[in-house]
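Q: The structure is given below, and queries will be raised subsequently.
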Amino acid sequence: MAVRRDSVWKYCWGVLMVLCRTAISKSIVLEPIYWNSSNSKFLPGQGLVLYPQIGDKLDIICPKVDSKTVGQYEYYKVYMVDKDQADRCTIKKENTPLLNCAKPDQDIKFTIKFQEFSPNLWGLEFQKNKDYYIISTSNGSLEGLDNQEGGVCQTRAMKILMKVGQDASSAGSTRNKDPTRRPELEAGTNGRSSTTSPFVKPNPGSSTDGNSAGHSGNNILGSEVALFAGIASGCIIFIVIIITLVVLLLKYRRRHRKHSPQHTTTLSLSTLATPKRSGNNNGSEPSDIIIPLRTADSVFCPHYEKVSGDYGHPVYIVQEMPPQSPANIYYKV
């Protein structure tokens with residue numbers, strides 16, 4: 001029984017590990033987005049539209065300023081908001097910033113993991129076929145870091161629309177078949193990718209057309225993740241059922257062992273009814289003392305006196321005692 005349980009456990013763990021590795025290998029690390037007004041990917045009136053799938057990762061980076069870069073450092077607080085806030089470019093006091101770009105000497109990065117369930121209490125969770133919005137109401141200066149309305153969201157359309165689990169072709173985009181990327185660059189953007197720092201000049205020989213070649217088949221990623229979740233749930237339910245059956249079996253065996261009859265030495269009724277005689281009792285018969293067996297004194301049945309009827313007929317022990325002559329006998333004449 002124990003060997004069989006061990007083999008079942010090993011089989012379930014092996015299936016879970018294989019499925020986890022398969023799901024991880026299918027996930028995509030999206031190219032990072034540099035949050036700066038120099039990023040030409042933020043289109044006027046539209047912002048940046050992405051089509052991530054469940055399992056993908058996305059980095060939002062506030063680039064640092066050093067001697068090799070051009071321009072000044074821009075201060076931002078980046079928030080995830082609802083559609084109404086994104087349309088009006090406003091935030092609420094209870095909104096928590098995803099990014100606080102206030103350190104010019106280092107890159108500040110926030111990684112978004114597109115997952116339906118987060119192991120972290122404060123982690124982000126996403127649902128398929130739902131839109132999510134990221135904006136910043138700061139104006140780029142240190143004094144306007146804590147603005148709660150307007151800012152670059154309104155003046156430079158620095159906002160991100162993330163259509164999780166959706167296909168770009170179904171949204172009316174015919175120029176890009178990659179569901180995890182927004183449509184191709186508009187004319188006049190000089191081929192600059194959204195993953196390139198706005199402070200670095202683009203390489204004339206580089207091209208972003210090859211990025212979509214390695215991401216074919218991502219439209220079925222959602223179904224594969226759903227299949228993985230279903231198989232994992234089935235394995236967990238199967239393990240719970242096995243554990244429940246084992247516990248019930250142990251309880252049944254313990255109860256059956258507890259109520260099993262004790263093998264005690266009993267005397268027949270004929271032995272109890274026949275008095276025993278001894279050769280040196282001087283003609284007198286021995287006194288037969290019948291003592292009931294008090295199983296309550298035994299360590300095996302401490303509750304015998306309460307449920308003694310459950311153990312069958314009472315058992316008696318006969319103890320022989322030598323006759324005793326009376327010490328003082330008085331006769332009335």
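Just so it is clear, glycine is given a Cβ too, placed from its N, Cα and C backbone atoms.
Annotated compositional bias 'Basic and acidic residues' per Swiss-Prot: 175-185, in sequence order. The feature compositional bias 'Polar residues' is assigned by Swiss-Prot to 190-213. Residues annotated as disulfide bond in Swiss-Prot, with experimental evidence given as evidence: CYS62-CYS101, CYS89-CYS153. Residues annotated as N-linked glycosylation site in Swiss-Prot: ASN36, ASN139. Per Swiss-Prot, phosphothreonine is recorded for THR274. Among the features that Swiss-Prot reports, omega-N-methylarginine is placed at ARG277. Annotation comment: Swiss-Prot describes 28-229 as topological domain 'Extracellular', evidence class sequence analysis. Look at Swiss-Prot and you will find 251-333 tagged as topological domain 'Cytoplasmic', backed by sequence analysis. Taken from Swiss-Prot, the feature transmembrane segment applies to 230-250, supported by sequence analysis.
For each listed feature, how buried is it and what is near it?
A: Cβ neighbour count for CYS62 (disulfide bond): 23 (other Cβ atoms within 10 Å of its Cβ, all protein chains included).
Close to CYS153 (disulfide bond) in the fold, though at least 6 residues off in sequence, lie ALA86, CYS89, ILE135, SER136, THR137, LYS159, each with a CB less than 8 Å from its CB. Secondary structure at CYS153 (disulfide bond), as computed by DSSP, is helix.
Taken residue by residue with DSSP, ASN36 (N-linked glycosylation site) is part of neither helix nor strand, so it is coil.
Residue density at ASN139 (N-linked glycosylation site): 21 other Cβ atoms are found within 10 A of its Cβ, drawing on all protein chains shown.
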Q: For CYS101 (disulfide bond), which residues of its chain lie six or more apart in sequence with Cβ-Cβ distance below 8 Å?
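A: The answer is TRP35, CYS62, GLU74, TYR75, TYR76, LYS77, VAL78, ILE108.
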Q: How many other Cβ atoms sit within 10 Å of the Cβ of CYS89 (disulfide bond)?
A: 22
Q: Tally every other Cβ atom lying within 10 Å of the Cβ atom of ASN36 (N-linked glycosylation site).
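A: If we count other Cβ atoms within 10 Å of ASN36 (N-linked glycosylation site), we arrive at 22.
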